[in-house]
Amino acid sequence: MNLVLMGLPGAGKGTQAGKIVEAYGIPHISTGDMFRAAIKEGTPLGLQAKQYMDRGDLVPDEVTIGIVRERLSKEDCQHGFLLDGFPRTVAQAEALETLLSEIGRKLDYVIHIDVRQEVLMERLTGRRICRNCGATYHLVFHPPAKPGVCDKCGGDLYQRPDDNEATVANRLEVNMKQMKPLLDFYEQKGYLRHINGEQEMEKVFADICEVLGGLAR
């Protein structure tokens, strides 16, 4: 089975990706992992990507697509894959369609884990970290026994600047603007399946399995 997994920050994409690859025996392929592997292996495309990344520039689509092609040609992808973090744009999605066609493959589904912005805000702004030992808490989902105090060492809990409301709201807005055209593209192609990501973790996974039920494991 050939899948793309989509969702905004805080939607639980990483958790569900882990469950999918374990249940269906396909590799979880993230953009970052692909780049790191290509750079480590010293492939020509990996070295090109490294030059851009070292300068803090975006890696051009042609290099990214080339690295995706190399990754999908590996033995562990013969029975399927789960792409996460790619494609990010309609141009990349179109290039992926072409690439898959050239190697005799096609996407089965694009799974979108759908969570309302206010729920994402609660999830992302609730994180608190111990200044002393680094333990992580969440005001709603994993609160400390005593507000503002670490259960483990008694240290002071704080909110990272990246987790404040203004920063999180901006991050979600940027991601949504980027993702919307991609969702529309895959909707028109008939690949897109929306999953309610506001449910319990196991129910989200059960709904994903229901979508994938017609595909061979």
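Every residue gets a Cβ built from N, Cα and C, even glycine.
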Going by Swiss-Prot, Gly10, Ala11, Gly12, Lys13, Gly14, Thr15, Thr136, Tyr137, Gln199 bind ATP; tell me which of Arg116, Arg127 is listed for that site too. Arg127
So how many other Cβ atoms are close to Asp57 (AMP binding site), meaning within 10 Å of its Cβ? 9
Hey, does DSSP put Phe86 (AMP binding site) in a helix, a strand, or just coil? coil
If you count, for each of the binding-site residues Gly10, Gly12, the other Cβ atoms lying within 10 Å of its Cβ, which residue has the minimum? Gly12
